[in-house]
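Chemist: Sharing the feature lines straight out of TrEMBL:
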BINDING   Asp200, His202, Asp272, His453  Zn(2+) 1 binding site
BINDING   Asp272, Asn312, His419, His451  Zn(2+) 2 binding site
DISULFID  Cys83-Cys159  disulfide bond
DISULFID  Cys86-Cys151  disulfide bond
DISULFID  Cys114-Cys125  disulfide bond
DISULFID  Cys215-Cys220  disulfide bond
DISULFID  Cys221-Cys244  disulfide bond
DISULFID  Cys379-Cys425  disulfide bond
DISULFID  Cys578-Cys582  disulfide bond
DISULFID  Cys588-Cys601  disulfide bond
DOMAIN    79-163  domain 'Saposin B-type'
REGION    1-24  region 'Disordered'
Amino acid sequence: MRLYGVTAGRSHPRSGREQESNRSWGGPSLGLLWMALALALPDSLVLWTPAGAHPLPAQGHPARFSRTVPQLRSAFGWWNLTCPACKSLFTAIDFGLQQENNVARVGSLAIKLCKLLKIAPPTVCQSAVQLFQDDMVEVWRRSVLSPSEACGLLLGSTCGHWDIFSSWNISLPAVPKPPPQPPNPPTPGAPVSRILFLTDLHWDRDYLEGTDPNCEDPLCCRRGSGLPPPSRPGAGYWGEYSKCDLPLRTLESLLSGLGPAGPFDMVYWTGDIPAHNVWHQSRQDQLQALTTVTALVKKYLGPVPVYPAVGNHESTPVNGFPPPFIEGNHSSRWLYEAMAKAWEPWLPAEALHTLRTGGFYALSPRPGLRLISLNMNFCSRENFWLLINSTDPAGQLQWLVGELQAAEDRGDKVHIIGHIPPGHCLKSWSWNYYRIVARYENTLAGQFFGHTHVDEFEVFYDEETLSRPVSVAFLAPSATTYISLNPGYRVYQIDGNYSGSSHVVLDHETYILNLTQANAPGATPHWHLLYRARETYGLPNALPAAWHDLVYRMRGDTRLFQTFWFLYHKGHPPSEPCGTPCRLATLCAQLSARSDSPALCRHLARDTSLSDIQSLQPRPPFC
């Protein structure tokens with residue numbers, strides 16, 4: 001294996017999620033406040049609690065609801081709550097929560113609980129709750145606390161209908177699926193395209209060299225982080241191996257130093273532009289990040305077409321992406337309109353139209369290729385607006401089916417880009433997407449995502465046997481260092497622009513900035529090739545079966561896995577070793593393009609003592 005200019009790992013800062021404490025219940029109305037805070041606060045506040053790039057159990061609203069429902073029914077049963085009384089109570093609560101002073105009271109209680117439970121530092125608790133409270137109360141009022149939903153949950157289906165995160169299915173056309181046709185390898189000398197892939201840039205405008213990289217706040221190396229103890233160095237000039245994002249100069253260095261990796265035919269850019277100071281962001285802050293970084297990309301990439309996707313950090317509050325039926329000040333129109341204005345030079349009118357409506361679009365960058373940019377926030381476990389209605393938000397998946405069917409009818413190939421990977425989505429969304437991929441396996445030539453900040457992939461299988469690989473989603477590493485990583489970017493080599501091209505990925509390369517070297521006295525930043533996928537892993541090609549085989553080779557070859565683990569962290573892995581449970585959990589994630597699907601990893605646990613490997617599936621918490 002050939003690796004270029006990497007450094008050994010060192011100890012990283014660590015802290016886990018706060019454990020949920022036992023909660024006592026007062027009367028029904030107080031119990032509701034506890035319920036709301038118990039369910040909302042961990043995902044709203046703890047989502048930025050720093051942790052390293054280690055496998056962690058999946059966390060999401062559905063699991064938390066299922067654990068809490070028996071407690072709720074038991075608690076409310078003590079009060080002999082009748083159905084009419086329940087609906088009267090929640091109608092009164094619904095009316096009361098429309099009053100601004102009551103929203104403030106809920107926020108005040110949330111701040112006290114945040115401080116009491118030490119979910120975050122006091123100043124972060126204060127700022128975060130004030131930022132989230134209006135949207136969170138609006139969502140809970142229209143979903144969990146609505147009379148039908150709440151009473152259906154607490155008293156059963158005879159008193160209402162609880163359908164939050166219920167299962168749903170999109171419709172596929174009656175057109176029969178064509179027989180599977182693996183792509184033919186390109187003929188020798190056929191054109192090859194190079195696609196630059198940027199994701200998770202996370203510009204911190206308050207980054208400050210010399211400040212404490214291990215401050216108590218969720219994001220450090222910035223104004224307000226204070227100075228480190230005399231025994232520890234402060235934040236480096238170009239970035240830091242800690243819970244820190246990047247100064248603008250590092251992003252400019254990345255873009256200005258792309259020459260050796262180019263030239264590029266086009267750029268896929270899958271979002272997350274602002275920093276991780278999610279407790280203290282305004283719409284003006286987010287728009288400044290959007291326009292500043294977009295201008296920088298235009299400056300250095302010039303005429304190269306750039307095709308963006310929306311990340312989960314573009315909005316404020318973070319992860320807050322209401323579906324289009326939410327109107328007025330709560331809607332995302334302020335963000336989508338700004339994106340359409342900033343990205344207008346890159347996108348045609350048809351794409352700008354759906355971007356303004358729902359943050360997704362489709363276009364044809366070249367003959368025979370259709371590019372689809374999805375708004376993956378509509379599948380997100382952390383998008384609290386989906387509590388109101390999580391059934392195919394914005395009709396995006398049904399729209400996707402229409403695009404793929406039209407492409408199949410034309411004989412075109414399709415690339416899909418997005419931010420959050422499908423395996424990290426709410427179950428129904430993820431399973432429907434998986435079904436769509438399997439149906440259009442001949443048409444879908446590539447899937448490209450980011451979000452996790454690390455270097456990985458997700459293999460898709462046929463639905464009948466879950467054994468034949470039909471597609472692979474590539475998850476590229478982040479530009480940001482958050483948490484304790486080298487900055488990086490990806491370049492994909494694609495079957496090129498010619499008649500009959502398959503447009504599939506032929507290989508990919510990852511480039512990094514070694515921070516240890518860049519931050520040395522008198523040094524200048526040097527972005528360099530870390531590895532090439534096929535060369536490093538001995539792949540015959542970059543088709544789905546090759547990535548499937550790699551996972552099973554790594555199951556039995558610990559040395560090969562350690563190479564993967566090193567590259568997974570962009571050349572700066574944790575100092576703690578990745579033992580057997582960690583290794584199998586990491587490998588399971590590469591097979592899990594469909595969330596909450598234990599069958600996908602059933603063969604990995606063979607000949608081991610792990611009976612439920614899926615429960616260890618990695619979900620990096622720092623995205």
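Note: Cβ is positioned from N, Cα and C throughout, glycine not excepted.
Since we're looking at a predicted model, the values are computed, not measured.
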Chemist: Which is it, of Cys86, Cys125, Cys215, Cys220, Cys582: the one of these disulfide-bonded residues whose Cβ has the most other Cβ atoms within 10 Å?
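Modeler: The largest 10 Å Cβ neighbour count belongs to Cys220.
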Chemist: Looking only at the domain 'Saposin B-type' (79-163), what are its DSSP counts of helix, strand and coil residues?
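Modeler: Helix, strand, coil within the domain 'Saposin B-type' (79-163): 64 helix, 0 strand, 21 coil.
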Chemist: Which has the fewest other CB atoms in a 10 Å radius around its CB: Cys114, Cys151, the listed disulfide-bonded residues?
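Modeler: Counting other Cβ atoms within 10 Å of each of the disulfide-bonded residues Cys114, Cys151 gives the minimum at Cys114.
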Chemist: Test of understanding: give the count of other CB atoms lying within 10 angstroms of the CB of His453 (Zn(2+) 1 binding site).
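Modeler: Excluding its own Cβ, the number within 10 Å is 26.
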Chemist: Please report the number of other Cβ atoms within 10 Å of the Cβ of Cys601 (disulfide bond).
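Modeler: By my count, 24.
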Chemist: Among Cys86, Cys151, Cys215, Cys221, Asn312, these being the recorded positions, pick the one whose CA is nearest to that of Asp272 (Zn(2+) 1 binding site).
Modeler: Asn312
Chemist: Report the member of Asp200, Asp272 (the binding-site residues) whose C-beta atom has the most other C-beta atoms within 10 angstroms.
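Modeler: In terms of Cβ crowding, the pick is Asp272.
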Chemist: Could you give the Cα-Cα distance between Cys582 (disulfide bond) and Cys588 (disulfide bond), in whole Å?
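Modeler: Distance between the two Cα atoms comes out at 10 Å.
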Chemist: Determine, using Cα-Cα distances only, which of these binding-site residues is closest to Cys601 (disulfide bond): His202, Asn312, His419.
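Modeler: Nearest candidate: His419.
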Chemist: Give the distance between the Cα atoms of Cys379 (disulfide bond) and His419 (Zn(2+) 2 binding site), rounded to the nearest whole Å.
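Modeler: Distance between the two Cα atoms comes out at 11 Å.
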Chemist: Roughly how many Å separate the Cα of Cys221 (disulfide bond) from that of His419 (Zn(2+) 2 binding site), to the nearest whole number?
Modeler: 25
Chemist: What residues, ordered by sequence, lie under 8 A Cβ-to-Cβ from His419 (Zn(2+) 2 binding site) and sit at least six positions away in the same chain?
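Modeler: The list for His419 (Zn(2+) 2 binding site) reads Thr199, Thr270, Gly271, Asp272, Ala309, Val310, Gly311, Asn312, Met376, Asn377, Phe449, Gly450, His451, given in order along the sequence.
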Chemist: Pick the one among the binding-site residues His202, His451 whose Cβ has the fewest other Cβ atoms within 10 Å in this structure.
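Modeler: Candidates: the binding-site residues His202, His451. Fewest Cβ atoms within 10 Å: His451.
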